[in-house]
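Visitor: This is the structure I want to talk about, given as structure tokens.
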Amino acid sequence: MASNVTNKTDPRSMNSRVFIGNLNTLVVKKSDVEAIFSKYGKIVGCSVHKGFAFVQYVNERNARAAVAGEDGRMIAGQVLDINLAAEPKVNRGKAGVKRSAAEMYGSVTEHPSPSPLLSSSFDLDYDFQRDYYDRMYSYPARVPPPPPIARAVVPSKRQRVSGNTSRRGKSGFNSKSGQRGSSKSGKLKGDDLQAIKKELTQIKQKVDSLLENLEKIEKEQSKQAVEMKNDKSEEEQSSSSVKKDETNVKMESEGGADDSAEEGDLLDDDDNEDRGDDQLELIKDDEKEAEEGEDDRDSANGEDDS
């Protein structure tokens, strides 16, 4: 169900508001009004008063369609008097102008008319409400700008205009002012769109710069990772070469020890051989001396025998 707010005074709301007069509010309720007028567009507000009602649409096109489709329709034995709230009809709200269903369509048997007292009081109340509506929602025409001071204003005789013509001119001016207001709101919307577009462009530039910074950071990180990997491989190669050098040094030291041991063994063998030769010579000398001693003994014994 729509809200009860139908008293906004901005031009857009006024141009999209429908006034429903000569409404039998004793029978017709707010839900009935919404059901009848919702087929012309979305209803954002609906208020039902004694003898009349207001329906607030989203835009002026829906309101004009509702006025064209429902004006003069008979509901609950009464003919509706419908128009835009910003464009009141000429001579409305005057006593004796309203037409009942019996006047337009003859006697209506299925909907008996109320008692004379009730009918007269209802008409008076309706007239009062319509006059109140005229006073509340009559918008004075815009005052034109004053003429320049330098130019003299020459009074001109104008023909007197009738009240009907003035009301028509006034209503026409109101519709024109509504159109100006709508064009102004369209211009404001265009300015808002331009501002939004500018903000979006700035946001896009910021996002692009952030993306560029992220790409630079990623490149630097990948470069640092490659450098760290190269340094690590160089360290591994240097450590492996150091280990290899240490292994070679160790092997060389072990080989030198083996050579020295072999040389020592060879020297020991030479010493042993020299010692063996000396012992053999000593043995030979001893044997030679022993033989010479025996020869001396033999010679001595031979002399004794002779």
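Every residue, even glycine, has its Cβ placed from backbone N, Cα and C.
What Swiss-Prot lists as coiled coil is 190-238, and the listing cites sequence analysis. Taken from Swiss-Prot, the feature compositional bias 'Low complexity' applies to 175-185. Taken from Swiss-Prot, the feature compositional bias 'Basic and acidic residues' applies to 221-232, 242-253, 277-287. The SUMO2 cross-link annotation in Swiss-Prot covers Lys8, Lys50, Lys89, Lys94, Lys176, Lys223, Lys229, Lys232, Lys243, Lys244, Lys250. The SUMO cross-link annotation in Swiss-Prot covers Lys250. Under the heading domain 'RRM', Swiss-Prot lists 16-87. If you look up Swiss-Prot, you'll see Ala2 marked as N-acetylalanine, on the strength of experimental evidence. The feature phosphothreonine is assigned by Swiss-Prot to Thr109, with a large-scale study or a structure entry given as support. Annotation source Swiss-Prot lists phosphoserine at Ser113, Ser115, Ser121, Ser233, Ser238, Ser239, Ser241, Ser253, Ser299, Ser306 (among others). Per Swiss-Prot, region 'Disordered' is recorded for 139-190, 221-306. Residues or ranges marked as motif 'Nuclear localization signal' in Swiss-Prot: 155-161.
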Visitor: Where the distance is taken from Cα to Cα, which of the recorded positions Ala2, Lys50, Ser241, Lys250 turns out closest to Ser233 (phosphoserine)?
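Guide: For Ser233 (phosphoserine), the closest Cα among Ala2, Lys50, Ser241, Lys250 is found at Ser241.
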Visitor: Give the nonlocal contacts of the compositional bias 'Basic and acidic residues' (221-232) in its own chain as ranges (CB under 8 Å, at least six residues past its ends).
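Guide: Contacts of the compositional bias 'Basic and acidic residues' (221-232) (Cβ under 8 Å, skipping residues fewer than 6 from its ends): none.
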Visitor: Which sequence-distant residues neighbour the compositional bias 'Basic and acidic residues' (277-287)? Criterion: at least 6 residues beyond either end, Cβ under 8 Å.
Guide: none
Visitor: Could you tell me the C-alpha distance between Lys232 (SUMO2 cross-link) and Lys223 (SUMO2 cross-link) in angstrom, no decimals?
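Guide: One finds 14 Å between the Cα atoms of these residues.
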Visitor: Can you name the far-off residues of the same chain, 6+ from the ends of the compositional bias 'Basic and acidic residues' (242-253), with a Cβ under 8 Å from a Cβ of it?
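Guide: For the compositional bias 'Basic and acidic residues' (242-253), the far contacts come to none.
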Visitor: At the level of the C-alpha atoms, what whole-angstrom distance separates Lys244 (SUMO2 cross-link) and Lys223 (SUMO2 cross-link)?
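Guide: Lys244 (SUMO2 cross-link) and Lys223 (SUMO2 cross-link) have their Cα atoms 31 Å apart.
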Visitor: In whole Å, note down how far the CA of Lys50 (SUMO2 cross-link) lies from the CA of Lys229 (SUMO2 cross-link).
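Guide: About 89 Å separate the Cα atoms of these two residues.
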Visitor: I need the CA-to-CA distance for Lys250 (SUMO2 cross-link) versus Ala2 (N-acetylalanine), whole Å please.
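Guide: One finds 100 Å between the Cα atoms of these residues.
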Visitor: Within the domain 'RRM' (16-87), how many residues are helix, strand or coil going by DSSP?
Guide: 22 helix, 26 strand, 24 coil
Visitor: Got a sec? Which of these recorded sites, Lys8, Lys223, Lys229, Lys243, Lys250, has the most Cβ atoms within 10 Å?
Guide: Lys8
Visitor: Between the recorded positions Lys50, Lys223, Ser239, Lys243, Ser253, which lies closest to Lys8 (SUMO2 cross-link), Cα to Cα?
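Guide: Spatially nearest to Lys8 (SUMO2 cross-link) by Cα position is Lys50.
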